[in-house]
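Please read the structure below before turning to the comments.
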Amino acid sequence: MKIIIDDKIPYIKGALEPFAEVVYLPGSQTTPEVVKDADALITRTRTKCNRQLLEGSNVKFIATATIGFDHIDTEYCREAGIKWTNAPGCNSGSVEQYISSALAVLSHKHNFSLSGKTIGIVGVGNVGKKVTRIAEAYGMKILLNDPPRERAEGKGDFVSLDEILEQSDIITLHVPLNMTGEDKTFHLADDAFFAKAKKKPFVINSCRGEVVETEALKKAFQADQIAGAVIDCWENEPDIDRELLDRVDIATPHIAGYSKDGKANGTAMSVQAVSRIFGLGIDDWTCQNVELPASTEITIEESGKSTEEVLKEAVLKTYDIHEDDKRLRLSPESFEKQRGDYPVRREFPVYQITLLNSSPETMEQLKTFGFKTT
Ligand SMILES: NC(=O)C1=CN([C@@H]2O[C@H](COP(=O)(O)OP(=O)(O)OC[C@H]3O[C@@H](n4cnc5c(N)ncnc54)[C@H](O)[C@@H]3O)[C@@H](O)[C@H]2O)C=CC1
Ligand SMILES: O=C(O)C(=O)[C@H](O)COP(=O)(O)O
């Protein structure tokens with residue numbers, strides 16, 4: 001058996017070598033010639049798994065170590081009898097941390113409290129649910145939009161996209177990239193979307209670049225329809241629009257999901273999937289030696305601070321989104337390299353917080369974020 005693995009997938013070396021010939025390659029070098037005699041691919045968003053790559057090959061199974069699977073032509077795979085899987089939820093905690101940090105930085109930069117502001121969450125799956133949790137802890141009012149869930153589960157608390165646009169101070173997008181169909185999300189944020197945004201909101205896109213139409217977003221800035229934007233996912237990555245880069249509040253190179261925890265989950269889920277499909281007997285394989293930051297202990301003095309201030313301080317001590325923003329602005333041409341060389345980031349549950357002069361309410365909300373507390 002031969003398995004081709006993207007060489008930017010961490011912690012995987014040695015896992016499959018006892019069962020197969022394993023070849024590690026950059027996503028860009030995963031060509032039709034290379035995959036011709038492979039049985040399985042373990043891949044990332046950078047490899048388009050379509051007819052052009054796969055036709056006439058031996059590939060029977062593709063595991064992508066990511067949540068999104070818009071790089072897999074699922075219709076072609078069905079026709080060709082190629083099974084595939086993604087890694088649902090693997091880095092949703094990382095995106096939650098990214099949004100927590102982005103909200104903290106926006107509120108500092110524009111001098112407003114998150115508490116009492118209305119956040120519209122579009123797409124309420126693994127990521128959207130976690131963002132709901134942290135937004136509630138910050139004291140925000142929540143509006144949820146998810147038509148597929150609404151159809152399946154009933155109206156419940158869901159609202160229309162128009163209501164989100166009319167009432168939100170901040171809108172954050174967490175939908176998959178759907179190119180067509182009833183739930184199309186390609187250019188979901190277009191001219192009409194921004195024209196309906198009544199409260200001049202901040203817009204956050206950490207799902208897929210193509211969900212927001214770049215020209216429409218630039219026009220929305222010019223027309224003063226939005227207060228600002230946070231962009232992690234861009235159209236035409238890695239060749240991103242420089243004018244947009246200059247306009248947005250926070251710009252990052254598609255790294256919202258790049259905590260080590262998220263990467264390790266994606267790797268483990270992919271290895272386990274290959275094991276199940278080919279009967280390798282390592283269905284419970286997990287990653288070893290996931291790096292920790294220099295310190296996982298945080299001490300915060302609560303006196304004189306609101307719960308929101310303490311939460312923002314705690315979040316920024318684990319992950320300050322400014323660092324990613326600075327690197328991208330300094331060197332937008334090295335977008336892909338910055339992703340490949342991404343520093344160690346760990347999610348909230350690895351951190352122990354000591355809160356001095358603590359209030360029960362703040363302790364409770366720190367726990368909601370997933371911190372260990374004393
Ligand atoms: N920037 C990054 O590093 C990362 C980006 N992502 C992106 O975020 C997306 C969401 O991730 P998850 O929440 O884990 O996925 P998920 O599949 O758990 O949830 C997506 C939700 O969006 C809903 N949805 C689908 N079409 C919709 C529409 N037209 N309008 C409103 N809601 C709609 C679905 O019903 C579902 O509840 C992924 O598909 C991926 O593209 C995910 C992880 C990391
Ligand atoms: O999981 C997803 O979906 C993502 O967008 C990933 O964080 C992207 O990771 P790469 O596959 O591009 O490394």
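Cβ coordinates come from backbone N, Cα and C, glycine included.
Annotated domain 'D-isomer specific 2-hydroxyacid dehydrogenase catalytic' per TrEMBL: 22-274, in sequence order.
Of all Cβ atoms in the protein chains displayed, 22 besides its own lie within 10 Å of the Cβ of Thr45 (substrate binding site). As annotated by TrEMBL, substrate binding site applies to Thr45, Thr66, Tyr258.
Look at TrEMBL and you will find 110-256 tagged as domain 'D-isomer specific 2-hydroxyacid dehydrogenase NAD-binding'. Counted with DSSP, the domain 'D-isomer specific 2-hydroxyacid dehydrogenase NAD-binding' (110-256) comes out as 49 helix, 27 strand, 71 coil.
The NAD(+) binding site annotation in TrEMBL covers Asp146, Asp232, Gly257. Sequence-distant contacts (6 or more apart, same chain, Cβ under 8 Å) of Asp232 (NAD(+) binding site) comprise Tyr98, Asn205, Ser206, Thr252, Pro253, His254, Ile255, Ala256.
The Cβ of Arg208 (active site) has Gly68, Asp70, Val175, Pro176, Leu177, Thr185, Cys233 as same-chain neighbours under 8 Å, each 6 or more residues away in sequence. Residues annotated as active site in TrEMBL: Arg208 (among others).
Sequence annotations record features per position, and here TrEMBL assigns active site to Glu237 (among others). Taking Cβ-Cβ distances under 8 Å and a sequence separation of 6 or more, the neighbours of Glu237 (active site) in its chain are Gly209, Pro253, His254, Phe335, Glu336.
Annotation comment: TrEMBL describes His254 as active site, proton donor. With a 10 A radius on its CB, His254 (active site, proton donor) counts 22 other CB atoms from all the protein chains.
Under DSSP, the residues of the domain 'Erythronate-4-phosphate dehydrogenase dimerisation' (295-359) split into helix, strand and coil as follows: 34 helix, 10 strand, 21 coil. Look at TrEMBL and you will find 295-359 tagged as domain 'Erythronate-4-phosphate dehydrogenase dimerisation'.
The 6 Å Cβ screen around ligand 2 retains Thr45, Thr66, Gly257 from the recorded positions Thr45, Thr66, Asp146, Arg208, Glu237, Gly257, ordered by sequence position. Taking CA atoms as the reference points, Thr66 (substrate binding site) and Gly257 (NAD(+) binding site) are 9 Å apart.
Other Cβ atoms within 10 Å of the Cβ of Asp146 (NAD(+) binding site) number 23 in total over all chains.
Among the recorded positions Thr45, Thr66, Glu237, not one has its Cβ under 6 Å from an atom of ligand 1.
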